[in-house]
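Note sheet for the following structure.
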Amino acid sequence: MADTAAEQRVRAHPAIRLSGISKSFGAVRANRDIDLTVRKSSIHGIVGENGAGKSTLMSILYGFYQADSGTIEVDGKQVSIPHSQAAIDLGIGMVHQHFMLVHNFTVLENIMLGAEGAALLSGGMARARAELKRIEKDYQLEVDPDALTEDLPVGLQQRVEILKALYRGADILILDEPTGVLTPTEADHLFRILQRLREEGKTVILITHKLREIMAVTDTVSVMRQGQIVDTEPTAQTSVEAIAEKMVGRRVLLRVDKKPPRPGPVKLSVRDLTVVDSRKVPMVKNVSLDVRAGEIVGIAGVAGNGQSHLIETIAGIRRPTQGTVEMNGKTLDYDRLDPASLREEGMAHVPEDRHRMGLVLAFEENENAILGYHNSAAFGNGPFLSISAMREHARERIEQYDIRPPDCRLKTANFSGGNQQKIVLAREMERDPDVLLIGQPTRGVDVGAIEFIHRRIVEMRDAGKAILLVSVELDEIRALSDRILVMFDGKIVGERGAEATEGELGLLMAGVTDAESDRPAAPDLSMIDTTPGQAPAETQIPGERP
Amino acid sequence: MNNTLPPWANYVLLPAINLLVAFIVSGLVVVAVGENPFKAAWLMIDGAFGSGRGIGFTLFYATNFIFTGLSVAVAIHCGLFNIGSEGQALVGGLGVALACLWLGAYIPWWMVLPVAIVMGASFGAAWGFLPGYLQAVRGSHVVITTIMFNFIAAALMNWLLVDWLRPVGQMGPETAVFAEGGWLPKLTGLMNFLGADVRSTPLNLSFFVALICCFLVWVLIWRTRFGYGIRTMGLSPSAAKYAGIRPARTVIIAMMISGGLAGLMALNPVMGDLHRLTLDIVQGAGFVGIAVALMGRNHPVGIVLAALLFGMLYQGGAEMAFDMPTITRDMIVVIQGLVILFAGALENMFRPQLSRFFLAMHRRGVAPEAEGAA
Amino acid sequence: MDFNATLLILDSTLRLSTPLLLAALAGLYSERAGIFDIGLEGKMLAAAFAAGAGASVTGSAYAGLLLGVLVSVIFGLVHGFASITARGNQIVSGVALNFVAAGATVLLGQAWFRQGGRTPQLSTDQRFLGSEPNFAAELRDIPIVGSIVSELVLGHSLLVYIAFIMVPLTWWVLFRTRFGLRLRAVGENPAAVDTAGISVTVLRYKAVIICGALCGVAGTYLAISQSGGFNNNMTAGKGYIALAALIFAKWKPVPVMFACLLFGFLDAAAIRLQGAELPVIGRVPVQFIQALPYVLTVVLLAGFIGRAEPPRAGGVPYVKER
């Protein structure tokens, strides 16, 4: 290979070189003997499932944790990073997954925090303002320095985080799952900013579990699995499939055997539903849809486009601002009904986030097996609960769903992600509902359990249930749904059959509707068209540690 | 990292270590005032358990702490930190006293008691209702409002006693002494039967009321649908909402139950001992209840044990102060504070060391399995 | 009510507000940093005892002040250790320290001085007493303005002036210095402070030390300025009123001053209104006026007059997320 002299110089001194890094938390080994070299002026992606150890590794680099063993070199010099200040001094900046901003500070105050210059703020403030102007111009990162941080949209808050790092003179910028909270347009904008940063000579490390992003913007990609780096390659020389395979350790085929649907009468009918969130921002706008008995209707969309609000509103957790929902031909009166009474009417709900909603992690398994059904006559008399009935019921479900370990008195937190999800599914599916709302059925679930869960969902369809499925995993939507609705910005922007291609759905998810499909697509999405549809992109392996 | 301790270490060993440290520091205070700490400790234990009289007093004080401990515990199960048991007990005292004042002259104690229980509990519940309502509906922090309500209760009771309930010609802010029907029987006969002479102690029937409340609280929390709702609410408000457990209703009722239990505490001093209502019937028992609930891990059995410990401190401490001229009764307050500090606020001080110890033991014992579990 | 009586009430308002103001500002530093402190009462009490004992043993008011501050800071550090290092429950820690202070002051007082828990009566030169400058008498001859100035502005004890100077100073520290910026940040989002390379622990310890020092001055004022020595439970709930004032003022320095003046005024008025008939409302029970600070604070917390939102990270020990 005939590298130019400049390139050789760059190679001689990598921005970062980690050797033999290991880190354990108690009995959990989060990082094992990691070697990683990050070239200067490059965008280096690190992919892996949740819990693969990406964030731990970056936290070590940023001085948040200390490695148990191993060495860190920055710019060719071996360094120790005992705290974040040391990392900042070495020119390392980090944009965290959860923003590290003070909500009631102005943008300027947030940017200055920790880099005030002097004991008095006045001088530093003027300097910061000027410096900010310069950075904004260099990188096209405009944001009003006097705006109150909590008033800014998420995309701008993230920009403040990037500015914070640059203001501290960061040459190496780590971004931890930066697009999780962004709309496709905002994500696209972020990638342009990252490319711009690279052109200006900065090094970017991008942590993500989304393969599309890796393919779209990185120069090099490292794959992590179970605390180890299993591969590092130039992005151009690899493919989505190859990376995915290395991420999960074996090839996953999201193919569910299912018979053609035999749709019956409409069981769930939503008309002109509008929902605003606590800040009065409309999250669901005039949505109408029907779900028939014996069919699975999938709602595809990038996270945060209103799917969660839609499903939680139908389930009675949120109040609709406008519109009606009919179940079994009866209009649901949400002023009177709550999630408990809706369950009695025959609506079951597998929530998107089992840790926040579906389970009480500190409860015993048998207690969670009745959550939401705790007023049912089956579990006691009058105001009392029958412990024996609860345990008997739990044992039955454990048997049916092969929940492991088969111990109904074990604390729920001690089950793996997949088994926790089975506890929720068993509870919601086995009460013979008419309508089943399912959010993110396989988030943080291991591969074996995914197959089981998908099979159960299809069985429920074949038993004549009306199923509304929400998932941000496009492959899951495509594998399970009989009809696919795409949500963007709170609206349903299109409907497709099960045979829809990933590219077609991807355009809809980006908000390119049927009427205006000649508009140029976002660059990251155009990549998708060139990749074969099989990407098992976001299948996730053991989500939680025990 | 928190749950690496085996249950017995979490429930027994750790509190025992904390308690030991609290007593060591208390011993240092005794040294500071120039007395022999070992002698003091002996006087305290002997004073609390060495005689029928001592035991009687110990159980009398423990009765208060069982009630307030249960009160705090029920609120904690619902995720609420009720530090207003003090005020709720005082207002509960008003209910008990009114029942005794009105009915005591006409009907016997066993007919007054149910009325006193209902009135004491409902007055306490009423005083718990407002902070509960404000928390549930207006989002006002229950810790802060209950502090405020303690003082409002004190001012209210002061006013009622001075301006309304004080009999003519009486100096202090207190009610008249109740007629016979407002007196709970002492447990003299029973204790004599058990071989202890408790003639001169205030131990009375409300001790059994407290024990019955322990059982009822256990049933409520772990055996009823509403208790299930309380626990769900306390551990995960979002899961409660998902499950259709109405958050506001659950919070308000839990605070009322908590206040009601605190209100029942008043039975013991008002109907069982003083036979009149005064301003200082609670004497910090509401705050001690926080420590009792914490040490008892919010379980009735633990609460009874912790209440006995504090009852012993009160009674034994009083005996110690009596026998040691340089030590005043205030020593009890100091020890109480230190026990709350070490067993409550600093309860996790030794947890990391203890966890490391158990982890090391575990590793040594079953190393291969531990590796696999990770 | 005539002019002179009004002046007298206002004058005692100032004196009664002083300990509230010092304690509330103390709480402000602590709570703005995310450490809830219901132990203001205990710290003041401990400081009052230490100041009374110190002044009587050494014969110097300044030694008393020093001791009062020192003891209160030690209490603050214990609370800090429980809340910051041991990640304990801040409310429980506050309750515990209040108990310890209430018991230990009397216990030690009795053991050392044998006057029923009091410290010996101090002579005037062992106390912080106000002295009027020479021109005060001349000022008083100027009608209205003169008497206002001489009654309300001049002649207070040094500690009163310290308390009121602390108000603009605290505002300046909070909003114009690096320390203040960080202090405000750590009470809202400690993780932001941590990732900015600043130690959350050090910052919070600084806050509890300042809190202890100010409570120390407050307690000292009670024992050796307002009174001639320490008395049993001489704080009598002032720490809680200060806490109420802090919440009532929404954790802001200048409003804290006005809240303390209001609560001090209620206290001063309660003493004078005892049994007096007021026009329109008739006889107001003195207990009602005593409860008013708490009632007002509850009403504010309920959101009926504005909204009091505590610092977001308040009461929660900081644990690095994994």
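Sequential numbering from 1, following the chain as shown.
Glycine is treated like the rest: Cβ placed from N, Cα and C.
Just so you know, TrEMBL annotations never went through curation; they're auto-generated.
Per TrEMBL, the feature transmembrane segment maps to B:12-34 (among others). For the transmembrane segment (B:12-34), same-chain residues at least 6 beyond its ends with a Cβ under 8 Å from one of its own Cβ atoms are 5, 40-41, 295, 309, 326-327, 331, 334-335, 338-339, 341-343, 346-347, 349-351, 354.
Long-range contacts of the transmembrane segment (B:54-76) within the same chain, counting only residues at least 6 positions beyond its ends with a Cβ under 8 Å from a Cβ of the stretch, are 46-48, 82-83, 85-86, 88-89, 142, 187, 191, 196, 198, 200-204, 206-207, 210-211, 213-214, 217, 220-221, 230, 234, 254-255, 257-259, 261-262, 264-265, 268-269, 272-273, 282, 285-286, 288-290, 292-293, 296, 298-300, 303-304, 306-308, 310-312, 314-316, 318-319. The feature transmembrane segment is assigned by TrEMBL to B:54-76 (among others).
According to TrEMBL, the feature transmembrane segment maps to B:88-105 (among others).
Annotated transmembrane segment per TrEMBL: B:111-130 (among others), in sequence order.
Listed by sequence, the residues of this chain that lie at least six past the ends of the transmembrane segment (B:142-162) yet keep a Cβ under 8 A from its Cβ atoms are 75, 80-84, 86-88, 90-91, 93-94, 127, 130-132, 134-135, 173-175, 255, 277-279, 286. Under the heading transmembrane segment, TrEMBL lists B:142-162 (among others).
Under the heading transmembrane segment, TrEMBL lists B:203-222 (among others).
Per TrEMBL, the feature transmembrane segment maps to B:251-271 (among others).
Residues or ranges marked as transmembrane segment by TrEMBL: B:277-294 (among others).
Feature annotation from TrEMBL assigns transmembrane segment to B:301-321 (among others).
If you look up TrEMBL, you'll see B:327-346 (among others) marked as transmembrane segment.
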Same-chain residue ranges lying at least 6 outside the transmembrane segment (B:251-271) that approach it to Cβ under 8 Å: 60, 63-64, 67-68, 70-72, 74-75, 77-78, 80, 82, 84-86, 88-93, 95-97, 100, 112-113, 116-117, 120-129, 131-133, 135-136, 142, 178, 182-184, 204, 206-207, 209-210, 213, 217, 220, 226, 230, 233, 277, 281-282, 285-286, 289
Distal contacts, the transmembrane segment (B:111-130) - CB-CB under 8 A, six or more residues away: 82, 84, 87-89, 91-96, 98-100, 103-104, 145, 149, 153, 181-182, 184, 205, 209, 252, 255-267, 271
Same-chain residues at least 6 beyond the ends of the transmembrane segment (B:327-346) whose Cβ lies under 8 Å from its Cβ atoms: 15, 18-19, 21-23, 25-26, 29-30, 33, 35, 40, 284, 287-288, 290-291, 294-295, 309-310, 313-314, 317-318, 320-321
Remote residues contacting the transmembrane segment (B:203-222) - C-beta distance under 8 A, at least 6 residues beyond either end: 56-57, 59-60, 62-63, 66-67, 70, 73-74, 77, 113, 117, 184-187, 191, 230-231, 257, 261, 264, 267-268, 271-273, 299-301, 303-304
